[in-house]
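Before any comments, here is the structure.
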Amino acid sequence: MATSSSSQDAVSAAHQLDSGVELTARKSGQFGINEVIEQSSSASDSGDYTEHGADATNSTKADRYNMDRMGKQQVLTRHFRPMATFSFVAMATSVWEFGIFSINQGLIDGGRAGLFWSTIIHAVGFIPIVLSMAEMSSIAPTAGAQYHWVSEFAHPKWQKLLSFYTGWISTIAWQAGNAIGVFLTGTLIQTIILENNNDYAFPAWHGSLLVMSNIVFTVAANILFSRFIPRVQTAFFVLHILAFFAVLVPICVNAPKASAASVFTEFENTGGWSSMGLALLAGQLSAIYMMCGTDTSAHIAEEVRNASTTVPRSMIAIYFVNMAFTIVCWLVLCFAMPDVGLALEHISTYPFVHILEQSMSIKWVTVELVLIVVIVLFANVCYITAVSRDLFAFARDNGLPFSSWICKIHPKYQAPVNAIYVTALFSFLLSLIYIGSETAFYAITSLFTVALLQCYMFSIGSILWRRIRLPETIPDSAFGLGRWGIPINAFAFVWCLWSFFWSFWPQATPTPAEEFNWASVIFLGVIVVAAIYYYFQGHKTYHGPVVLVKRI
């Protein structure tokens, strides 16, 4: 009841605020952004933004203006500068480290040629998606990202409901993304043991225990040493770059080679699909998964200095860097697999490990895998930071059960500690899937992908609608799409929808229970739970961040 009361007070305050703020078209010139920034700066300096003063948060005038426009209080310190933001996203996504273990579905459904060309196609197709999100992150740089953008830009009739569902789907997407990282670390440790002990049986429950221990490590590091992450991540970013060459160069030199014709022109259908075309479409998941997640910077926006400029720039830059890494990495792996079937049959379930074994001694295979585990461990620490901020933001807007507890900022650690605990619990539960299915990694990958794509669709669809119907109400921003906004948003929405549909498909048909893609079940389950919660409680406590937004 207290939560409901506070929400009603917030709504009332927001309406009073809106009544005193004139809604002005961007082209009118009657109330410019510079004047608003100056006003918001003055308000911040007088103590209206944080209880400990605006200077303590390292916010710029633009940051204070944006937080004031969104009706949000600055409670986190902005310790991410441009390079720190870029390296943070690079480490959180760790694209080549995760990519080398995410090629199975593409190889099964399409072969080397299918994997390569689907990656090229989606690398181009996702550019409008990234540009669309970069613009929205510049307009509204908030940790809530997609659900906030839906609330602010969607049709007034649907703002509340759509943003609520987007918040829930975003939560499941980022929680699944966190589970992917800790899951991979656990199974890689098992693989290292297997490489040095051929009698190791690779039991699934060992993997679950290793995943759980990894979760404990990432949670402890994120709480106890959160202030040091920006200071050390640049060093890990350099390691991330150097390790890329340390892993791939020996493969290029020593691995047996497939012909160029087989890599670029020979497609395969080993998944049992009725046609090669259908196999290629089902095999897109590997490529689609690699394109998702560059919006990570948006979820730490409230800790980024000059976020309206830094966040979109880092989002776009890291996307192109990640795609370059992915294409080069997968091309090397495709050439290093003369026998795709043999690589897929490796006991670890990772073709990359088979490639390593063909390229170097067991001693060096172990060294390479340990190096990757170290990088992925730090990537998990970075990633849970973004995940917990996403959860914190949605709870701050009363979108979840126990929101008032989840969104609390720990006074000592200056972090949403309770949100980190909830994230850990979710990863614990997902790790149990592995006990019943050794293909769980790909189910969780699919869950992350489909959930994130739906968030992209809802937010991009919302700003597309506003751009067509009410373009004058879209605020000015440091990064804007201008006259190209409508075609870019429209193409992005269609590409999201296309990718979303194919991301549910399993690796092969017929599909036995132990290889079933459980992403669809979990995804629908979350929607059902969200609907039940909204019916009984959510519609009373959740009003959407738009009620606090000042129309300037």
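Using the three backbone atoms N, Cα and C, a Cβ is placed for every residue, glycine included.
Just so you know, TrEMBL annotations never went through curation; they're auto-generated.
Residues annotated as region 'Disordered' in TrEMBL: 42-64.
Below 8 angstroms of C-beta separation, residues 115, 180-181, 184, 188, 229-230, 233-234, 236-237, 240, 243-244, 247, 286, 289-290, 293-294, 296-297, 300, 304, 310-311, 314-315, 317-318, 321-322, 325-326, 329-330, 333, 350-352, 372, 375-376, 378-379, 382-383, 385-386, 441, 445 of the same chain, each at least six residues beyond the ends of the transmembrane segment (83-103), sit close to that stretch. TrEMBL lists 83-103 (among others) with the feature transmembrane segment.
Outside the transmembrane segment (115-134) by six or more residues, the chain places 103, 106-107, 145, 263-264, 280, 283-284, 286-288, 290-291, 294-295, 298, 311-313, 315-316, 319, 323, 326-327, 330-331, 334, 456, 459-460, 463, 479, 481, 488-489, 491-492, 495-496, 499 with a CB less than 8 A from a CB of the stretch. The transmembrane segment feature in TrEMBL is assigned to 115-134 (among others).
Sequence-distant neighbours of the transmembrane segment (162-184) (same chain, 6+ residues past either end, Cβ-Cβ under 8 Å): 98, 101, 144-148, 150-151, 154, 207, 211, 214-215, 218, 293, 299, 376, 379-380, 383-384, 386-387, 390-391, 394, 397, 399-400, 423, 426-427, 430-431, 434, 440-441, 444-445, 447-448, 451-452, 454-455, 458-459, 462, 522-523, 526-527, 529-530, 534, 538, 542, 544-546. The transmembrane segment annotation in TrEMBL covers 162-184 (among others).
Away from its own ends, the transmembrane segment (204-225) comes close to residues 182-183, 185-187, 189-190, 377, 380-381, 384-385, 388, 410, 413, 415, 417, 420-421, 423-424, 427-428, 431-432, 434-436, 438 of its chain (Cβ-Cβ under 8 Å, at least six residues beyond either end). The transmembrane segment feature in TrEMBL is assigned to 204-225 (among others).
Feature annotation from TrEMBL assigns transmembrane segment to 237-256 (among others).
Look at TrEMBL and you will find 276-295 (among others) tagged as transmembrane segment.
Per TrEMBL, transmembrane segment is recorded for 316-344 (among others).
Positions annotated as transmembrane segment by TrEMBL: 364-386 (among others).
For 418-435 (among others), the entry in TrEMBL reads transmembrane segment. Cβ atoms under 8 Å from those of the transmembrane segment (418-435) belong to residues 175-176, 178-179, 182-183, 186-187, 204-205, 207-208, 211-212, 215-216, 218-219, 222-223, 384, 387-389, 391-392, 395, 405-408, 441, 443-444, 518 of the same chain, restricted to positions at least 6 beyond its ends.
Marked as transmembrane segment by TrEMBL: 441-465 (among others). Same-chain neighbours of the transmembrane segment (441-465): 101-102, 104-105, 129, 132-133, 135-136, 145-147, 149-150, 152-155, 162, 165-166, 169-170, 172-174, 176-177, 179-180, 183-184, 187, 285, 288-289, 292-293, 295, 349, 430, 433-434, 474, 485-486, 489-490, 492-493, 496-497, 499-500, 503-504, 507, 516-520, 522-523, 526, counting only residues six or more beyond its ends whose CB sits under 8 Å from a CB of the stretch.
According to TrEMBL, the feature transmembrane segment maps to 486-505 (among others).
According to TrEMBL, the feature transmembrane segment maps to 517-536 (among others).
Residues 161, 164-165, 168-169, 172, 401, 433, 437, 440, 442-444, 446-447, 449-451, 503-507, 511, 542 of the same chain lie 6 or more positions beyond the ends of the transmembrane segment (517-536) yet place their CB under 8 Å from a CB of it. Looking at 237-256, 276-295, 316-344, 364-386, the range that has the most CB pairs within less than 8 A of the transmembrane segment (486-505) turns out to be 276-295. Sequence-distant contacts of the transmembrane segment (364-386) (same chain, six or more residues past either end, CB-CB distance under 8 Å): 88, 91-94, 97-98, 174, 177-178, 181-182, 184-185, 188-189, 191-192, 195-196, 214, 217-219, 221-222, 226, 229, 233, 236, 239-240, 243, 246-247, 250, 296, 299-300, 353, 356-357, 420, 423-424.
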